[in-house]
Amino acid sequence: MKGNDTLLLHLFYTLLLFLGVRSSSSAGNGSNDVTNRKEVYIVYMGAADSTNASFRNDHAQVLNSVLRRNENALVRNYKHGFSGFAARLSKKEANSIAQKPGVVSVFPDPILKLHTTRSWDFLKSQTRVNIDTKPNTLSGSSFSSSDVILGVLDTGIWPEAASFSDKGFGPVPSRWKGTCMTSKDFNSSCCNRKIIGARFYPNPEEKTARDFNGHGTHVSSTAVGVPVSGASFYGLAAGTARGGSPESRLAVYKVCGAFGSCPGSAILAGFDDAIHDGVDILSLSLGGFGGTKTDLTTDPIAIGAFHSVQRGILVVCAAGNDGEPFTVLNDAPWILTVAASTIDRDLQSDVVLGNNQVVKGRAINFSPLLNSPDYPMIYAESAARANISNITDARQCHPDSLDPKKVIGKIVVCDGKNDIYYSTDEKIVIVKALGGIGLVHITDQSGSVAFYYVDFPVTEVKSKHGDAILQYINSTSHPVGTILATVTIPDYKPAPRVGYFSSRGPSLITSNVLKPDIAAPGVNILAAWFGNDTSEVPKGRKPSLYRILSGTSMATPHVSGLACSVKRKNPTWSASAIKSAIMTSAIQNDNLKGPITTDSGLIATPYDYGAGAITTSEPLQPGLVYETNNVDYLNYLCYNGLNITMIKVISGTVPENFNCPKDSSSDLISSINYPSIAVNFTGKADAVVSRTVTNVDEEDETVYFPVVEAPSEVIVTLFPYNLEFTTSIKKQSYNITFRPKTSLKKDLFGSITWSNDKYMVRIPFVLTK
């Protein structure tokens, strides 16, 4: 989904919510109409019991206590991974249920959204050290299959895509308890030894696991698609398309509709079934809207992920596409939160001017214009209609600002450097309606993303390059030029860069956990698409079986695919050990050997990319891991203000003698055993936090020494200074003392790296003022 489409979708849902409030408040003459109006509520009742029968009885008892006799309000039950149900209730009924014993929370069913706006080959070139990982040898399309199962909660699957062939796969793992739900357009043969399960959660329009959006097919093939040679998007980004863990199995949970809306009740059902079915990793390229603080007891993804991680399932989620500080989503500590970065491939559509100067542009278009610069060009300001009151409107190609007589038959150059009101798509509509034959949009808003404009000649030019176009137009009375069709630029530098749209930290839940956790390729990613998509096909061509998309949606399956590979290599590892391995092996430099930057050219910080950009070999053998255990998560809930009674309901069981500390505060969150450190220094002179690492190398006898990279404003000391592991000592703890020299004027960033002669295990830290 394009950046502007994301904004429009946000506004659309906001409007729907507004209209819903308006309609409910105006449907009658009193407040009783609002109170009695029925809508879907989620009733969350914490951890699952051991018997499904007791669940049904509990749910029925709670629901029947507020309903009229024989009223059927139940939408669905949650009974495998956690307890609860979704039902159509009035506000009064929902409030009544919220007071019942054993009920954690009751909340309206939220509508979440998808996070969309040559990657694996690029990742293999990004490495810190050379390690013999004994990778699988892919021979054609036949290779050794894995019993690792990835669950994807998304828009479904297009099973006929070549990426999901099961050639070379062995039998479905015997532990698998899932199912292949059939429908009129999805029979049992749509599942195979690759797609081993498919479920859907019906809405009135879609009662099938088949993907009519494309998003679910795209992310699934990115994560675990088998190699397919000759893949491209009408010749662009050509090569072999493959997922990060092509040998892994795939289980599909369709929780979102064709238009990208994802009800929280369906998402929770997907989590509940995935826990029951036996997946190893869960991947969610969806979430809410950035800039709002999440309540952990009413966030469907946080709830589902908590219970999944309790059962050893790693949950990987998109950070969001809001692109501003404090907008990172899916930021609970039991979630692996993924930001988006670029790869070393660009998609350019250049402008050729009448003086033969070539100006770099970026877009995906299949322009029918000739390569020779023979087409009349006009600067939009010069095409202003008579008596316009604001010439800036014409310069930026706003509605009703341009004279059709001056635009017809010309390439129009719109100056959108400071335009926050109208997107390139909207300006295309304006220029086409006036008879223009092409559009050059001078803008910095799209960063490294190449948006798709089918076959209308359109390109986006950065302002630093756009000046050359304006100088040429002003230098001649008859400016001419052309817009070239898009070409693929390989080995692009610098890369990776953090995408402009990728949501940034710090987290609004707490500044004492650093989010996002990691960055992965999410810009201009080629992957499988659903068949028969005739919506955006260039003239004279057939629908493509692949599509190029951008978003943290695309970054997420890169990490979940990598997690599947780590799980296969280390099948006994916990979810947090896999998470730690991915984070501590990340890189912070680009392919020019300089620090990773953002799309705007600024040096990236952990608020942009967490621990850094993923690598593909080091996580398989990281040396040490930081395991965040269940007690850490229970303490986190304590420190966030939940009482022990509520925590016992949520968790089901707690260790003997566990209780919340009397002095619980958010500052204590800094000491949960997380593979990054975040400390809030408000009102403190110094801070001490602790971490524990586990030696997971085959070599038992080893010593690690630290390297601390700290800003000059703070003194960082470690104790002990080295970590010695033996056959009998697999775990070691250490303390870190942070002592600012003066009161902090800004947030500070640094890192701690433990290394021996084989591994470097790095965690970032952030100190907030």
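Cβ coordinates come from backbone N, Cα and C, glycine included.
Note that this is a predicted model, so its numbers are computed, not measured.
The feature signal peptide is assigned by TrEMBL to 1-23.
Sequence annotations record features per position, and here TrEMBL assigns domain 'Inhibitor I9' to 40-115.
Across the domain 'Peptidase S8/S53' (146-610), the model assigns an average pLDDT of 96. Positions annotated as domain 'Peptidase S8/S53' by TrEMBL: 146-610.
Among the features that TrEMBL reports, active site, charge relay system is placed at Asp154 (among others).
Non-local contacts of His215 (active site, charge relay system) by the CB criterion (under 8 A, 6+ apart in sequence, same chain) comprise Leu114, Thr116, Asp154, Thr155, Cys256, Gly260, Ser285, Leu549, Ser553. Taken from TrEMBL, the feature active site, charge relay system applies to His215 (among others).
The feature active site, charge relay system is assigned by TrEMBL to Ser553 (among others).
What TrEMBL records for 672-766 is domain 'Subtilisin-like protease fibronectin type-III'.
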Per-state residue totals over the domain 'Inhibitor I9' (40-115) - DSSP helix, strand, coil: 21 helix, 29 strand, 26 coil
For the domain 'Subtilisin-like protease fibronectin type-III' (672-766), the number of residues DSSP places in helix, strand and coil: 0 helix, 55 strand, 40 coil
Active-site residues compared (Asp154, Ser553) - highest count of Cβ atoms within 10 Å: Ser553
